[in-house]
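Read the structure below first, then the notes.
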Amino acid sequence: MKLVTCGLPYANGKAHVGHLRTYVPADVYVRYLRMSGEEVVFVCGSDCHGTPIVVNAEQQGLSPKELVDIYHEHFIKIFDALNIKFDFYGRTDSDYHHHRTTEIVKRLIEKGYVYPKEIQLAYCPKCQRFLPDRYVEGICPYCGALARGDECDQGCGRHLEPGEIKEPRCKICGSKAEFRSQRHYFFKLTEFQDFLEDYLSKLKGTENALNYARNWVKNLRDWCITRNLEWGVRFPGEPNLVVYVWVDAPIGYISFTEKACEEKGCDWRKIWIDGDAEIIHFIGLDIVYHHCIFWPAMLKGADYALPSAVVASGMVKVEGKTFSKSRGYVVWVEEDYLKSGLSPDYLRYYIVNYTSHQKDLNFSWEVFREKVNNEVIATLGNFLYRVLLFAWKNFGEVRMEGVDEEVLEKIRETEQKILSALEEWEFKAASDAFMELATYGNVYFQNAKPWELIKTDKEAARRAVASCLQLAKALIIFAYPVMPESMERMAKAIGLDLENVRLSDAYKVDEVMKLSKPEVPFAKVEDEVIEKLQKVMEKRFRGEGEKMEQKEEISIEDFQKLDIRIGRVLKAEKVKKSKKLIKLIIDIGDEQRQIVSGIAEDYTPEELEGKLVVVLANLKPAKFMGVESRGMILAAEKDGKAVLLTPEKEVEPGTRVC
């Protein structure tokens with residue numbers, strides 16, 4: 001048996017294409033497993049706790065539950081529309097989930113893995129409240145980037161413990177926060193160092209997840225697992241504390257399995273206690289730390305079975321730009337895609353087939369149109385419709401004796417390619433395999449010329465059509481996990497029931513194939529539809545209708561305090577273990593300065609060396625990823641990328657900007 005889970009969507013906002021990189025491949029994987037004869041339980045649910053939900057609810061004048069209800073129903077609707085079929089889709093604010101979370105936390109306490117500790121926490125004197133997680137913003141203590149309370153999302157990506165953030169400010173009122181002491185509870189993560197190193201050496205899954213985790217496990221610290229909130233799972237014996245959301249959210253995999261097994265008639269304990277199943281987590285790359293470090297340590301401490309594999313998708317870009325909801329670089333699943341009337345199968349195919357699962361996916365409406373029209377329609381759809389329509393018109397039913405052995409061998413090869421691809425989590429390779437078979441089918445049909453044979457040799461025409469029908473049957477079966485809605489329609493034309501079909505049925509030859517009039521499998525993606533969607537996106541990129549935030553006015557004296565100069569980059573090199581940071585040695589006239597800048601994703605060291613830049617020279621020194629920075633280079637932003645400010649003409653380094 002296999003248990004397949006998906007990272008829980010956060011019930012705090014709408015579904016976008018970035019979400020689908022987890023859910024569509026997982027659904028495709030589960031469908032292929034079942035068609036291979038595997039017994040599978042497939043679960044997911046809404047993540048309903050945590051400070052972002054509480055903050056958002058406060059800002060909208062809603063209770064956390066009211067906000068969660070809205071987005072929980074939204075995700076159910078989206079998954080249904082895209083034919084993502086979980087055995088059970090739950091929510092973490094349910095009683096059954098609270099029960100399982102409390103049971104596991106109590107077990108960790110009883111076994112001595114949880115202890116209390118007085119810590120310094122950000123406190124807002126104006127709001128008169130402690131500021132957990134997203135209630136506080138400030139500076140990352142490790143790299144100096146802007147950070148939220150529990151995560152350095154703009155810099156090094158580290159998880160931040162309560163009280164670590166520097167220069168904290170209240171997210172609600174903007175006031176400067178102070179630190180006050182309070183008792184919280186910690187999980188002894190450091191006791192699991194040896195276990196985690198051994199576990200990660202054996203864990204299966206995608207290399208992007210495993211490599212990240214193996215680097216992080218070397219510097220473990222105990223983990224604060226309580227928060228000052230009213231919304232969440234109450235921590236045992238502490239009426240004013242709840243369990244941290246990253247403790248209770250993954251426990252949803254267990255509580256949702258319990259509910260799924262109630263409905264399916266299986267025993268959840270065999271999966272999570274006895275370890276009689278493979279547990280496979282599909283997640284986004286941004287939550288690898290939680291799933292490969294925190295989660296297995298908790299499970300080990302509470303005597304639960306461990307995940308067998310962690311499958312992490314690459315990130316998502318939109319029209320080549322870094323995904324950002326705030327900047328408009330986003331495609332919303334419902335309002336952009338579904339409401340345009342496009343088939344859910346097209347989006348499923350694009351998500352799976354655009355690139356390798358571990359690589360970054362770029363969502364482009366132009367590329368989307370080309371892939372659908374040139375691959376799905378012109379290759380797969382063309383073959384299926386031509387063959388099925390010809391067979392129906394000229395035969396009605398076809399005796400299948402004499403199917404070409406070469407055709408059967410091609411079908412078997414395709415099945416093996418798909419199965420091999422699934423073992424490597426390469427869903428693109430699986431979909432490429434059936435597209436290659438469709439290309440072969442088009443050539444075979446064209447070379448056989450049954451429309452000519454039927455005039456002179458009806459038996460030869462029948463054999464040719466039988467071979468093409470076998471290919472059509474195989475393609476319907478192989479493509480079904482990726483494009484279920486369309487393949488169900490095509491299956492009706494050959495009387496094929498896909499409900500209990502097996503991959504091996506693709507090369508089983510029936511005595512007779514009875515045909516009905518086939519539907520056109522796919523509708524062309526029209527230029528007008530794409531142009532309309534592109535205009536919507538361009539408008540969003542420009543932020544039309546949104547006013548730029550106005551900063552507080554300053555005096556000329558304030559401006560004159562800034563020492564802004566022209567500098568020349570003498571040397572540039574990337575900061576180790578950082579994707580964004582680059583270390584620069586800059587000549588600013590009277591000295592050479594070392595400055596760290598977050599432009600490594602937009603400029604190479606070679607592009608920067610010799611370049612004139614604008615430098616803020618009297619900025620207080622700071623450390624980024626342990627590297628000292630004494631100043632700042634100035635840049636604008638265009639399409640989500642940094643654009644350096646440079647003088648129009650050649651200017652000597654050290655020249656002041658005034």
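Backbone N, Cα and C atoms are what each Cβ position is placed from, and that goes for glycine too.
Keep in mind the model is a prediction, meaning the values are calculated, not measured.
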Range annotated as motif ''KMSKS' region' - as stated in Swiss-Prot, picked from 167-171, 322-326, 557-561:
322-326
According to Swiss-Prot, which stretch among 9-19, 196-206, 350-360 corresponds to the feature motif ''HIGH' region'?
9-19
With an 8 Å cut-off on Cβ-Cβ distance and a minimum sequence separation of at least 6, pull the same-chain contacts of CYS143 (Zn(2+) binding site), or say none.
CYS152, GLY155, CYS156, ARG158, SER578, LEU581, LYS623, PHE624, MET625
Near the motif ''KMSKS' region' (322-326), which residues from the same chain, at least 6 beyond its ends, have a CB less than 8 A from one of its CBs?
13, 16, 18, 315-316, 601, 640-641
Helix, strand or coil: which one is CYS152 (Zn(2+) binding site) in, per DSSP?
coil
Enter the number of other CB atoms within 10 angstroms of the CB of CYS140 (Zn(2+) binding site).
24
Zn(2+) site, defined by CYS140, CYS143, CYS152, CYS156: further same-chain residues with Cβ within 8 Å of the Cβ centre
PRO141, TYR142, GLY144, ALA145, ALA147, GLN154, GLY155, GLY157, ARG158, PHE624, MET625
The motif ''HIGH' region' (9-19): which same-chain residues, six or more beyond its ends, come within Cβ distance under 8 Å?
44, 46-48, 50, 52-53, 56, 67-68, 70-72, 74-75, 78, 91, 284, 315-316, 318, 323, 325, 330-335, 337, 347, 351, 363
Around LYS325 (ATP binding site), which residues of its chain at least 6 apart sit with Cβ under 8 Å of its Cβ?
GLY13, HIS16
Among all the protein chains here, how many other CB atoms are within 10 A of the CB of CYS152 (Zn(2+) binding site)?
22
Compute the average pLDDT of the predicted model within the motif ''KMSKS' region' (322-326).
77
